[in-house]
Amino acid sequence: TSTSTSASVRDNTVFVDDKYNIQASDSLANKALHLPISDAVPLYEQLLSNFPTAAKYWIQYVEAYINVNNDDAIKHIFSRSLLYCLQIPLWKVNENKGTEGQEETRKAFDFMLNYVGTDIASGPVWMEYITFLKSLPAMTAQEESQRMTLVRKAYQKAIVTPTHMVEQLWKDYENFENSVSRALAKGLLSEYQPKYNSARVVYRERKKYVDEIDWNMLAVPPTGSYKEEQQYMAWKKLITFEKGNPQRIDTASSNRRIAFTYEQCLMYLYHYPDIWYDFATWQAKSGSIDAAIKIYQRALKALPESEVLWYAYAELEESRGEIQSAKKIYESLLGNGVSVTALAHIQFIRFLRRSEGVEAARKYFLDTRKSPNCTYHVYVAYAMMAFCLDKDPKVAHNVFEAGLKRFMHEPGYILEYADFLCRLNDDRNIRALFERALSSLPPEESVEVWKRFTQFEQTYGDLASMLKVEQRRKEALSRSDEEGSSALDTSLHDVVSRYSFMDLWPCSSKDLDHLARQEWLLKNINKKADKSAWPNGACSIEKGSSGSSTNFKSSAPSAKVVYPDISRMLIYDPRQKQVTGPPPNIVAGLPSVPITGTPIPSVPSVNGGTTNPLQEILKIMPPALVEFITHLPAVEGPSPNVDIVLSILLQSNVPTGQTGQVATSPQQLPVGPSGSGSDLSGSNKLRPIPNESSFKPSRDVQSGKRKNSDRHEDDETATVQNRPLPRDAFMMRQIRKARGVTSSQTGSASGGSMISGELSGSTG
């Protein structure tokens with residue numbers, strides 16, 4: 001026993017390190033099955049402290065006590081689990097074991113069905129209850145009548161509950177009523193038939209939502225996984241469905257179903273504060289304030305670190321006039337000590353100002369200043385409250401000055417103080433504040449302060465002070481800038497920044513884009529393409545809070561992020577319009593340049609001279625296809641695979657018109673006597689290449705090439721309909737054309753190879 005106990009302690013220690021590890025939890029539960037009850041209890045308690053709504057652990061725990069017949073422990077476990085773990089298997093463990101009387105058993109069934117009777121899986125429980133009622137002894141006619149009345153009421157409740165066994169229950173109810181009295185059955189069945197039909201329809205709709213839920217999932221804190229999000233949405237859909245009251249039952253019954261659905265949802269989404277908040281808010285709107293308070297209390301016990309739930313609970317109490325209860329909630333939150341945040345102090349100061357007045361808020365602020373977790377936010381909040389609500393600028397100014405001695409190193413505090421002084425129109429103290437702050441802040445932390453100082457001078461200063469502050473700003477920030485003296489250069493962007501106001505700019509958006517691109521190029525033109533020179537994203541122009549633009553930003557790269565080599569980046573210019581004519585990429589692999597304006601590089605021709613690859617391909621295409629391609633609109637953005645499109649078009653029945661009158665230039669390759677017209681017409685059947693009698697191959701051709709030529713001849717006798725589409729049908733067609741043409745013209749297989757390689761290279 002000591003060995004097993006020490007082993008369980010070791011396992012428990014490992015488990016605590018990752019208490020929400022599901023595999024470790026299941027392993028620990030399996031080990032507890034083989035331990036004595038005295039050794040297993042600490043493990044079960046540890047499991048249930050981490051997963052208080054896990055029905056399978058509760059069932060295993062209570063069964064361990066059932067095996068040793070410890071009734072007191074069993075009752076204690078049920079009192080802890082049943083009301084907050086509404087799952088049928090756990091409740092069925094709490095069945096009568098024959099020790100209580102029939103009346104106690106009936107009360108136990110009533111208690112069970114009152115809580116879980118609306119569950120979609122509660123059909124077997126209803127049937128067991130009805131079977132139990134039918135088995136009750138009836139010695140007299142009065143007892144028989146009472147028994148029949150109990151059975152009838154149970155049936156009538158069961159058949160209007162959307163469960164898996166609602167249809168079977170209705171059949172049993174029909175048989176029951178007909179067995180008692182056919183005359184009475186006709187009226188009762190006609191009365192409950194519509195209610196049953198409605199329950200059956202709602203059951204089928206409810207089942208669609210229930211089937212999406214994983215009933216074996218354990219309640220763990222959200223990690224953002226796809227399964228968790230899927231289960232979250234499934235529960236939200238089910239709750240929304242129940243709130244719609246699809247069965248059109250009375251309000252009290254509908255509210256019981258909605259509350260039951262929320263309770264079941266919390267068994268799996270136990271660590272989601274929004275579910276707790278929605279449940280409590282729904283209860284409050286339904287008029288059950290006491291129920292909402294209990295839900296908040298349970299929520300804070302489950303998620304004590306959720307600060308927003310504390311505020312929501314205090315807000316509920318304050319909204320109904322329970323000021324002392326709300327104050328106790330704030331005091332409980334602030335009593336946590338280490339976990340208290342500056343926001344908690346701020347919200348309590350505001351609460352005291354609302355409920356007890358200015359003096360109570362001031363007293364608490366003076367006490368809070370000594371707290372180690374009092375940040376500059378507390379000073380700003382109290383100062384602005386005194387200024388805006390109490391209309392006391394002197395107190396607010398004194399608070400800001402007191403905080404300046406402690407938070408001079410905080411740029412955020414400097415900016416808030418400057419905003420306050422701007423409201424007082426105290427330009428002298430604003431300039432003094434900026435000078436004091438900038439003299440103590442390091443350059444890397446003074447960017448926002450310089451930005452606000454510049455905006456202030458641009459808005460309220462004269463031209464000399466404006467230019468002076470801008471120059472000082474450049475000098476200060478250039479010390480930490482890699483470009484050094486280049487940051488001191490004056491650019492048009494400085495003028496744009498100076499003469500902008502809110503969303504009004506002295507230039508067009510295109511000019512702003514141009515300035516951004518030029519600034520980025522100047523900063524990166526001399527940089528080496530190494531990781532240390534990669535900026536974190538492209539530079540951009542920002543509009544400040546006052547409307548003026550800021551300098552271009554280039555954040556320092558992070559060591560944990562792999563950035564692209566932006567030294568190879570091409571700046572996109574939307575003003576570059578494509579020229580008219582065929583799109584430059586009509587054949588995959590051709591240069592992506594305009595048809596006009598930039599000459600396409602020429603390549604050597606077979607007959608000497610040069611030839612334009614694009615024009616040559618257009619000439620050998622059917623006129624209808626050339627006309628189709630010519631009228632294609634310019635594509636801006638993603639485009640389809642042109643090779644596949646042309647392959648399909650070339651093998652389709654495209655009307656060609658007069659295909660035999662296609663003009664040819666002296667430099668155009670002459671076509672062969674056999675099959676050329678078919679290729680030019682775009683027919684959907686491939687003609688065989690001329691046989692060996694139409695040309696004489698060179699003697700130095702290898703036997704392997706001759707075998708390949710014979711194999712190509714055999715393959716090309718098949719039609720397109722009889723074999724699958726080639727992977728690159730367009731390139732294959734051009735290879736065949738090139739071989740047929742050059743062989744008949746030069747009588748050399750090597751010439752055909754050259755043209756084939758040229759065309760395939762242009763289409764690859």
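Cβ coordinates are placed from backbone N, Cα and C, and glycine is handled just like the others.
Annotated in TrEMBL:
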COMPBIAS  656-668  compositional bias 'Polar residues'
COMPBIAS  672-683  compositional bias 'Low complexity'
COMPBIAS  740-753  compositional bias 'Low complexity'
DOMAIN    17-512  domain 'Suppressor of forked'
REGION    656-764  region 'Disordered'
REPEAT    273-306  repeat 'TPR'
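Using DSSP to sort the residues of the repeat 'TPR' (273-306) gives these counts of helix, strand and coil: 27 helix, 0 strand, 7 coil. Note on the repeat 'TPR' (273-306): residues 52, 84, 235, 239, 243, 255, 258-259, 262, 265-266, 312-313, 316-317, 320, 336, 339 of its chain, located 6 or more positions outside it, place their CB under 8 angstroms from a CB of the stretch. When averaged over the domain 'Suppressor of forked' (17-512), pLDDT in the model lands at 90.
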